[in-house]
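Some notes on the structure that comes next.
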Amino acid sequence: MDASSSSFLSAIQTSKLLTGTMAMTIPRSAVTTTPSFLSRHLPSLNVSSVRIEEKPQNSTTRPTTSRTPRPASSTTTLPAPTKPTPSTRKSPANDRRVVEPNQPTMMFNVLEGVINNFIDPPLRPSVDPRYVLSDNFAPVDELPPTECEVIHGSLPSCLDGAYIRNGPNPQYLPRGPYHLFDGDGMLHSIRISQGKATLCSRYVKTYKYTMERDAGAPLLPNVFSGFNGLAASAARGALSAARILAGQFNPANGIGLANTSLTYFGNRLYALGESDLPYAVRLTSNGDIETLGRHDFDGKLLMSMTAHPKVDLETGEAFAFRYGPVPPFLTYFHFDGNGNKQPDVPIFSMTRPSFLHDFGISSKYAIFADIQIGMNPMEMIFGGGSPVGSDPAKVSRLGIIPRYATDESEMKWFDVPGFNIIHAINAWDEEDAVVILAPNILSVEHTLERMELIHALVEKVRIDLKTGIVTRNPVSARNLDFGVINPAYLGKKNRFVYAAIGDPMPKISGVVKLDVSKGERQECTVASRIFGPRCYGGEPFFVAREPENPEAEEDDGYVVSYVHDEIAGESKFLVMDAKSPGLDIVAAVRLPRRVPYGFHGLFVRESDLKKL
């Protein structure tokens, strides 16, 4: 989630948030304990000049690449990766280079050090990289395609393809304030073929990433954490202008990080961050990830695009928007089934800038949420806070516009007080009404700075387009976000939702399955999977077992996610049976090294990978 650089609108974590756990009360009937193969021991961490690496164990044994399934009761541990040598950093395999900064870069770095140490040091835990990048939030180096070991069960044939997850992974350790959303985008892909798995981790080679890589140092300040207060904003703004005038960076080529999510439409795969244009990427036959470049759709896409476009699998169309600090604050558009961008529809009835990270799409309408989070320049100037903040006096509202609108003449707005959504799960039509399903962020004032204090309550909101009556029903009392559905049900009335359990956010302790067809005011949880002590995952993703079968049941498939064991220091790829009452684990893949916590992912079938 990315208001100017990332995906999940979160406050940064205190050390208690990043290292502790919170007990949660969950009905025994809905919980299944994770098997014992998720238990190990955590290696200690140390800080290198470029990375936060895991301290290697005494053993020099290479990580196994055997693909023979290992019994769940096995106690063999995977040695932690050794610290990369300079020669490894220079190799094409991980695209790391040892670069000596030139004289202008060194001079600018000295000025940046003055700002970071005297004008705006990272005093608050929410922007202190020692807290933000602790535990499995710490960055990793790139990993070339590496075979993985299936340690439990077997990988279903419907998973032939690739699960790819995006997330922040700073190229250089921050020298000043750092927000979770400020990291360079890194894709972690597990390529599956005939029951075998290969992991690859690569940076999205954005313009910002490549310029800073070649310069040997960061060139631009962090968007989320670098402009807190008038003095810091003025100093970093002046330094950035000097770097641009010196020819170190051209902002016209993009400032985005592409660190939030991925989407596939028009036979192209894109890495997304809503502060920039999409970056086209592809997977090679051996599982490697290549960045093809920044994509403007033949010059028709300007500036930026949401990191949450909605893709209709039946028509191949994609629906999207962009938002910003100057009018029009919202612009809606879509792509046809061949991936060709259609004309913009500016929405001038949104009269002030708002944080619009996601939206809903039904078969007839697009639904936008004008929430209580927006631009907050006075807090930035006089309070030393973030330029994005909450406005408790504002009344949240939902805007509904026809799906294929050519202008905003039919846009209608409906007040929905206190309804603050960051992510939308789904939307559908009901006679003369529209329904949207989304987690509502309670205590929205804590969203940026104290994420551990917020609670996301999934609600089903129905708007009667004739009478204007808005009806709201919570579907679960738990702290849930990153909700997903069977992708074939986008814009249609769905029954099942798979959502991540915050423990607290941004750490994910498990997954729940909701049956949103239940009656009003009922707890809709019908299945749950808790990953285990100090085991945390991320956004779940649903993969249908028979995607080409129109008669298949909605929940006939698998839920997949990366999960990290903080005790063992190991990461795994888990495959869960979506129909089972306990989301039973049918396959577990031990990954050759840890995968940091991140944001949003996507499964791409083998047939679609071949079209890239």
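Glycine is no exception: its Cβ is also placed from the backbone N, Cα and C atoms.
Curation does not apply to TrEMBL; its annotations are automatic.
The region 'Disordered' annotation in TrEMBL covers 48-102. If you look up TrEMBL, you'll see 59-91 marked as compositional bias 'Low complexity'. TrEMBL lists His308, His357, His423, His600 with the feature Fe cation binding site.
Annotation for His308 (Fe cation binding site): spatial neighbours Ser261, Leu272, His357, Asp358, Phe359, His423, Ala424, His600, criterion Cβ-Cβ under 8 Å with sequence separation of six or more. The number of other CB atoms found within 10 A of the CB of His600 (Fe cation binding site), across every protein chain shown, is 25.
His357 (Fe cation binding site): 25 other CB atoms within 10 A of its CB, across all protein chains.
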